[in-house]
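S.K.: Please see the structure below; I have some questions.
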Amino acid sequence: MSAVTDIPVHLPKLLALFKTVVPKLVNNKHKGQYGRIGVIGGSLEYTGAPYFAAISSIRVGADLAHVFCHSNASAIIKSYSPDLIVHPVLDCVDAVEKITPWLERLHVVVIGPGLGREPGILKTASNVLKLCMDTKKPVVIDADGLFLLNDNLNLICGQPNVILTPNVMEFQRLFGEDDQAARQKMSLLGAGVTVLEKGANDRIYIPHCNEVHSMPTGGSGRRCGGQGDLLSGSLATFFSWSLQSGEPNPALIAACASSYFVKKLNAVAFQKFGRSLLASDMVNQIPSVFQTEFENSDPQ
């Protein structure tokens with residue numbers, strides 16, 4: 001196997017490039033053209049995760065966000081925000097049939113936030129993932145969505161426009177702790193799968209060409225729950241825009257930009273809230289940080 005090429009991400013170039021990907025707000029667009037995002041997840045125990053993923057996707061600029069959740073979670077998620085479209089279907093016997101017509105309308109689907117480990121729900125999520133793969137629907141797979149792949153990685157092998165977002169432990173469960181074995185296993189994913197490993201330095205793997213793009217450190221020492229969900233939601237919108245832009249490496253661009261963005265959100269919110277920082281505080285910083293980093297400022 002050829003040697004891994006470790007490529008430090010050059011932030012000024014990344015930010016300059018991503019600014020060209022962000023669509024301009026013009027008056028001749030209609031609702032939905034800036035992004036329609038779906039989130040598959042949400043259980044009685046975990047209602048915050050799908051909310052954070054969905055709300056971050058529309059806060060950064062998507063027009064619509066749908067959450068497909070367990071019926072027990074629906075009313076709770078709806079109470080968090082009237083801006084989300086919530087479908088209480090994951091525990092229905094015909095869940096896949098109910099979700100299928102909506103999938104056709106979505107630009108990117110996020111699978112996993114707050115999904116839980118109930119066998120019936122995992123089976124439904126697996127069938128939705130298979131449907132996304134059959135229809136070439138771009139997907140971001142996070143959290144319990146990654147659990148689906150632990151013993152069934154072939155679900156995504158050879159598929160286009162798939163981004164995985166494991167943390168360090170999830171990465172090891174997927175690919176193993178040995179670097180050589182992990183590289184070998186990742187090489188089976190094919191040219192269309194990108195892996196964003198979250199950590200102090202996020203690393204974006206392009207398995208088919210043995211590239212690893214290393215992001216700089218950022219954020220703060222405050223690691224409250226929900227930050228991974230903000231990443232998956234913002235990543236979905238960035239991915240949608242990158243795909244529409246026609247850039248040759250849309251998954252890489254979106255992964256690098258969302259990694260940088262969420263760490264910047266954390267850093268800015270930490271300046272205000274310090275040790276008491278919550279994920280909801282980071283959501284409230286999205287408008288100002290996005291405008292500063294991706295619209296008005298010159299890259300630093």
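Every residue, even glycine, has its Cβ placed from backbone N, Cα and C.
The (6S)-NADPHX binding site feature in TrEMBL is assigned to Gly114, Asn167, Val168, Met169, Glu170, Phe171, Gln172, Arg173, Asp229. Feature annotation from TrEMBL assigns ATP binding site to 198-202, 219-228. Annotation source TrEMBL lists domain 'YjeF C-terminal' at 14-293.
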S.K.: Given the model, what does the mean pLDDT over the domain 'YjeF C-terminal' (14-293) come out as?
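M.R.: That region's mean pLDDT is 96.
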S.K.: Which of the binding-site residues Lys198, Cys224, Gly226 has its Cα nearest to the Cα of Gly114 ((6S)-NADPHX binding site)?
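M.R.: Nearest in space to Gly114 ((6S)-NADPHX binding site), counting only the binding-site residues, is Gly226.
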S.K.: Could you check which of these binding-site residues, Lys198, Ser220, Gly228, sit within 10 Å of Val168 ((6S)-NADPHX binding site), going Cα to Cα?
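M.R.: Lys198, listed in sequence order.
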S.K.: Look at the binding-site residues Glu170, Asp202, Asp229 and tell me which residue has the greatest number of other C-beta atoms within 10 angstroms of its C-beta.
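M.R.: Buried the deepest by this measure is Asp229.
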S.K.: Please name which of the binding-site residues listed here, Glu170, Gln172, Asp229, is nearest in space to Ser220 (ATP binding site), Cα against Cα.
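M.R.: Nearest in space to Ser220 (ATP binding site), counting only the binding-site residues, is Asp229.
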S.K.: Just counting, how many other CB atoms are there within 10 A of the CB of Gln172 ((6S)-NADPHX binding site)?
M.R.: 14
S.K.: List the Cα distance (Å, whole number) between Lys198 (ATP binding site) and Glu170 ((6S)-NADPHX binding site).
M.R.: 10
S.K.: Looking only at Cβ atoms, how many others are within 10 Å of the one on Lys198 (ATP binding site)?
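M.R.: Within a 10 Å radius of the Cβ of Lys198 (ATP binding site) lie 21 other Cβ atoms.
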S.K.: Which one of the binding-site residues (Gly114, Gly226) has its C-beta surrounded by the most other C-beta atoms within 10 angstroms?
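M.R.: That would be Gly114, with the most Cβ atoms nearby.
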S.K.: Below 8 Å Cβ to Cβ and six or more residues apart, same chain only. Which residues does that give for Gly228 (ATP binding site)?
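M.R.: Looking at Cβ-Cβ distances below 8 Å from Gly228 (ATP binding site), excluding near sequence neighbours, one finds Asp142, Ala143, Thr165, Asn167, Lys198.
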S.K.: Restricting to the record's (6S)-NADPHX-binding residues (Gly114, Asn167, Val168, Met169, Glu170, Phe171, Gln172, Arg173, Asp229), give me the longest CA-CA distance in Å as a whole number.
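M.R.: In whole numbers, the farthest two Cα atoms are 20 Å apart.
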S.K.: Whole-number answer please: how many Å between the C-alpha atoms of Asp202 (ATP binding site) and Glu170 ((6S)-NADPHX binding site)?
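M.R.: Between the Cα atoms of Asp202 (ATP binding site) and Glu170 ((6S)-NADPHX binding site), the distance comes to 14 Å.
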